[in-house]
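Under the heading GTP binding site, Swiss-Prot lists 21-28, 48-52, 67-70, 134-137, 168-170. Annotation comment: Swiss-Prot describes Ser28, Thr50 as Mg(2+) binding site. Under the heading domain 'EngB-type G', Swiss-Prot lists 13-189, citing sequence analysis as support.
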Amino acid sequence: MGAVALDHLPEPDRLEVAFAGRSNVGKSSLINALTNQKGLARASGEPGRTRELNFFNVEGGDLRIVDLPGYGYAKAPKPVVEKWTRLTKAFLRGRVNLKRVYLLIDSRHGLKDVDLKIMDVFDEAAVSYQVVLTKTDKIKPPAVKRLIGETGEKIARRPAAFPRVIATSSAKQDGVDQLRAEIVALLPDMG
């Protein structure tokens, strides 16, 4: 289900986790890897393909995944990009059942100024978020380790940031089980 306005959002009847990141960071690919459903979230090589809030109910669970529009570069007119930005900020500030946002960072590029600005939005809205490095198969293991440390240092003083940085590769499935376990740990105990 896609939402282009707040009044199109699904009922807040289950826990939600959202995926945010710059355009082409690998949000859709990671969502597909996490759910083991190749075509669930539409992945594209075209930056700015996701143009609405996309909601995916996870089968057999009390969880909904939200794919947020990419920020930064997008092949869309400026007023359209501004509309996505307003919608995303309003969603983040007002969604009572949003448990955590996973902020995806392309490991080839690391944290950029635009990522720090979105972290400011999360911090101001008191939305818990966790940094997830993507595409780690594209850089050497020592560089991944260094990037995890550098990123951890940069988020250490941020009030809403979860301190653990997760490194993933959707292509090789690296870190996907760890991220899935983090998400499952957020769910209420069903026992």
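From the backbone N, Cα and C atoms, a Cβ is placed for every residue, glycine too.
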Worksheet item: From the Cα of Ser28 (Mg(2+) binding site) across to the Cα of Pro69 (GTP binding site), what is the distance in angstrom?
Response: 10
Fill in: Integer Cα-Cα distance in angstrom, Ser28 (Mg(2+) binding site) to Gly21 (GTP binding site)
11
Discussion item. Which one is it: of the binding-site residues Lys27, Lys135, which Cβ has the fewest other Cβ atoms within 10 Å in this structure?
Written reply: Lys135
Practice prompt. Could you tally the C-beta atoms, other than its own, that fall within 10 angstroms of the C-beta of Pro69 (GTP binding site)?
Written response: 23
Discussion item. Limited to the domain 'EngB-type G' (13-189), I'd like the whole-number average of pLDDT.
Written reply: 88
